[in-house]
Structures are given as C-alpha cells and as structure tokens.
Amino acid sequence: MLDLARLDQLQNASVLVIGDVMLDRYFIGDTNRISPEAPVPVVRVAHTEDRAGGAANVARNIAHLDGQAAILGIIGNDTDGRLLKDLLIKEKVHSELLELDDARTISKTRIISRHQQMVRLDMEDTFPVAQAESVKQRYAELIEQYNTVIISDYAKGTLACVGDLIQAARKAGKQVLVDPKSKDFSLYRGATVITPNLSEFKAAGGDASSDDAMLSSARAMLTDAGIDTMLLTRSEQGMSLITPTEHHHFPAEVLEVSDVTGAGDTVIATLGTLLSAGFDLKDAAWLSNLAAGIVVAKLGAATVSPEELAARASHQWSAKTSGYHPSVEQSLLHIDYARQQGERIVFTNGCFDILHAGHVRYLAQARALGDRLVVGLNSDASVRRLKGEERPVNSLEDRMEVLSALACVDWVIPFGDNTVENDTPEQLIKRVNPQVLAKGGDYSIDTIVGADFVQENGGEVAILPTVEGRSTTGLIKKVRG
C-alpha cells in the first residue's frame with residue numbers, strides 16, 4: 001500500500017540531471033490597448049522574473065521536492081550563464097555547467113499578460129559536437145555520486161553522446177530516465193524509462209488512433225529501442241505507463257490550467273525523485289501525474305513541493321477536493337488502484353436525498369466493513385421515477401457534495417440515466433467489483449441487486465440494520481407540518 005508519509009523522506013533521493021540548460025525569462029504585465037504602430041497588443045510590463053529552464057528546470061523541480069539534485073550542461077561565458085548559475089545556487093541545485101567562450105547561454109523570453117503567454121523569444125545556439133565529449137568526461141566523474149540519472153533532451157547539442165551516457169549509467173547500476181526530443185527512440189537504447197508526450201510519440205512513429213493501437217505501437221517501440229518502460233503523457237487524457245507485459249492509465253487530475261510550460265520537466269523530475277527514493281514505479285507514475293496537475297495551475301515553469309503533492313494525493317485518493325467530483329471513469333480508476341494496493345472495497349447505494357443521522361450511521365457501519373467505501377447515488381431522474389415528481393429535494397450535485405464531505409465516504413458515483421432499467425446499480429456494481437456489498441433494511445440476500453455477482457466473484461454481502469424513526473420521507477412530512 002502506498003504510504004504518503006514517505007513523501008517527507010525524499011532527502012534520500014539523489015539525481016544527476018544531464019541535458020540542455022537554459023534561462024527562462026518572463027515579462028509580465030497588463031494589456032489594454034493596441035499599438036498605433038502595428039496591429040499588436042501593448043503590454044505594460046509590471047515586473048520581470050528569471051528562472052532556470054530546460055534541463056535546469058528538471059533539477060530545480062527535484063530540489064523543491066527535497067531531493068539531492070545536480071545539473072550537468074553547457075552555458076555560454078556571458079551574463080545569462082552567470083545568472084543561471086546564481087539561480088541554481090539559490091535553489092540548492094549543485095551545478096556542473098561547462099562554460100563556452102564562443103557560445104551564448106540559451107534563453108527563452110515569454111511575454112505574459114492576464115495569465116496568457118502572448119509571444120516567446122528564443123535566443124540560442126546549437127553547441128558543437130566536440131563539446132559533448134567534455135560533458136561526457138565530466139559525467140563519468142560524477143555518475144558514482146548519484147543513484148538515478150535523468151537525461152533531458154532539447155536537441156541543442158549537449159547530448160550528442162547520449163547513447164554512451166546511458167550505457168555508462170546502466171553499467172554503473174543506475175536508473176536512467178529520458179525525456180526525448182529525437183524522433184528515433186533507439187538513440188536512447190538501454191534507458192529504464194522514457195517519457196514522451198503525445199506529439200513526440202506520434203513523431204517517433206507511434207499510433208494514437210485508439211488505446212489498443214497506442215499500446216501495441218508503444219510496446220513495439222520499447223522492444224525495438226531496447227527500453228524498459230514508457231510513461232506516455234497525453235495532455236488532457238492523462239498518462240499511460242506501459243511495459244512489454246502490462247499497462248496502467250492515470251486520468252488527468254487538473255482542476256485549472258494556467259500554463260503548461262515545464263509540465264514535462266515536472267513529470268520526469270517527480271518520477272526520477274520518487275524512483276530514486278525507492279518508490280514503486282506505478283506509485284511514482286501516479287504521483288507524477290498528480291504533480292503535473294498541480295504545476296499547470298501555476299504560471300510559468302513552476303515546481304511542486306512534497307507538501308503540495310501529499311495534500312493533492314490524499315485529496316485525490318478519496319476524491320474529496322472541495323467542489324471537485326471526478327468522472328465515473330476517473331473514480332473507477334482510483335478504485336481499481338486502491339484494490340491493487342490491497343485495500344478492501346465496500347459498495348452501497350441509495351438516493352440519500354435529505355441526509356440524516358440514520359444515513360450517517362449506516363454509511364459509517366458500511367465503511368467499517370472494509371478500507372474504502374463507494375456510494376452509488378441515484379441520479380435526479382432516477383429518484384424522480386422511484387420517489388415521485390416532487391423528489392429529489394436536493395440536486396444530484398448537492399447530494400454528491402454532502403456525501404463526499406463525510407469522512408466515511410471515499411467515492412460517490414452517480415447512476416441511473418434516462419431509462420427505468422438503469423434505476424438499479426447492477427451495472428455499476430459490476431464495474432466497481434467490490435469485495436463487500438452492503439445494504440440497509442429488511443432484505444434477504446436473494447433480493448439484493450448485484451448480490452449474486454459479488455458472491456460469484458468471491459465477495460460477500462452484508463445486510464445492515466436501519467435506525468428506527470429516521471427517514472427522508474418522515475423528515476419531509478415533519479417540515480411540511
């Protein structure tokens with residue numbers, strides 16, 4: 001079972017990042033008029049901000065997670081290079097940046113107004129292949145000091161010897177994670193994990209026309225390139241962790257998108273830090289997905305702290321973020337993950353129109369039968385068919401929010417669309433596949449919907465007593481006088 005308390009112990013992670021470093025510069029201000037010189041908006045700059053970018057952003061993400069981070073890359077002997085070094089020192093990143101007299105530090109300047117990026121200005125050189133040899137030599141001297149290597153490829157020349165770097169790390173017993181830029185994934189042969197986004201996956205020949213096609217082509221790519229695992233980032237579709245024999249999908253966990261800049265850096269930094277600290281690959285991927293959801297709600301190339309990650313993980317684990325209700329598919333994925341972690345899933349259902357003490361006591365009893373409680377909740381249309389035209393008193397959204405606030409409830413999933421046949425939770429029970437099916441009232445097991453399915457699959461059915469004198473109908477009559 002995933003222990004979130006371990007997120008307080010990431011100081012044990014030691015990660016060497018090697019790749020193309022750059023300086024991210026932001027000009028931020030307001031826009032309220034069009035220039036008289038050309039049909040373009042005028043931004044009145046209120047403030048500027050400089051941040052470590054590219055591979056250096058990966059390193060700073062590791063440092064903000066409390067991991068030990070080092071960055072190896074190339075900069076120019078210039079003002080931006082010195083500024084980048086100073087930024088990394090402030091963020092507690094050990095920098096091994098090789099200076100070139102005849103090159104300039106890569107920088108990307110973004111003009112931002114009202115949380116929108118309006119234009120980006122790139123100033124960059126591609127470093128000569130000969131300099132990659134200098135990087136390779138310093139890498140050989142550093143590699144023994146770290147247990148995980150992250151290769152952050154932006155195709156600027158730092159990683160011209162990438163194959164040699166990977167082989168040296170694997171020979172030394174290190175995990176190697178690669179954020180690829182090349183269309184030829186075989187350049188990263190021997191990597192432990194590769195983390196392409198959907199565009200990079202397609203550019204490398206991946207087929208994303210369907211989930212089955214994606215899995216098939218991803219596995220073929222892993223086999224052809226000699227790579228162990230792929231963590232495919234799929235934007236609003238979440239992430240997919242794929243090996244030659246298994247796969248896991250993690251739905252996107254984003255409440256608000258402000259800026260996607262650097263989200264891929266956060267993913268590989270979080271994954272590398274957690275793997276370095278001894279986390280299971282699947283747990284590390286799930287948490288990396290949550291980290292991406294946190295960072296895209298921030299402006300620019302941002303970072304995530306262990307406290308933010310732990311808080312988001314605990315919220316998403318039981319879907320209790322205020323005002324947030326995951327989709328049915330998201331909830332089912334969370335439930336499946338909990339079951340894989342050895343947790344006992346309990347299911348019950350009802351209308352729960354006006355929540356009262358009888359409901360609360362019953363739900364607490366149901367939760368006590370296992371580790372996680374799933375509540376199937378009749379839709380408004382379903383309640384109306386079952387209880388009459390004046391019901392429900394409270395809308396589905398309100399009922400979901402009230403139930404989700406209870407400590408004993410982990411997931412609330414609505415059911416019962418526009419047909420009478422769906423007024424029972426039978427199909428939902430089959431999808432949840434609980435170890436325990438709980439029902440309150442004077443029932444016999446053979447009259448409980450879904451009981452036969454649960455028992456056939458090794459589960460049990462529990463009939464719980466109701467609280468005398470407590471009912472929604474009684475409350476409504478009492479209010480009406």
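Glycine is no exception: its Cβ is also placed from the backbone N, Cα and C atoms.
Within the model, the region 'Ribokinase' (1-320) carries an average pLDDT of 90. Feature annotation from Swiss-Prot assigns region 'Ribokinase' to 1-320.
Taking Cβ-Cβ distances under 8 Å and a sequence separation of 6 or more, the neighbours of Leu198 (ATP binding site) in its chain are Ala208, Leu232, Thr233, Arg234, Ser235, Gln237. Taken from Swiss-Prot, the feature ATP binding site applies to Asn197, Leu198, Ser199, Glu200.
Per Swiss-Prot, active site is recorded for Asp265, and the stated evidence type is sequence analysis. Asp265 (active site) carries a helical DSSP state (H, G or I).
Annotation source Swiss-Prot lists region 'Cytidylyltransferase' at 347-481.
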In this structure, which of the recorded positions Glu200, Asp265 has the fewest other Cβ atoms within 10 Å of its Cβ? Glu200
Mind checking how the region 'Cytidylyltransferase' (347-481) divides into helix, strand and coil residues in DSSP? 57 helix, 26 strand, 52 coil
Largest tally of Cβ atoms lying within 10 Å of a Cβ, found at which of the binding-site residues Asn197, Ser199: Asn197
Quick one: which residues besides Asn197, Leu198, Ser199, Glu200 have a Cβ within 8 Å of the ATP site's Cβ centroid, in sequence order? Pro196, Phe201, Lys202, Ala203, Thr233
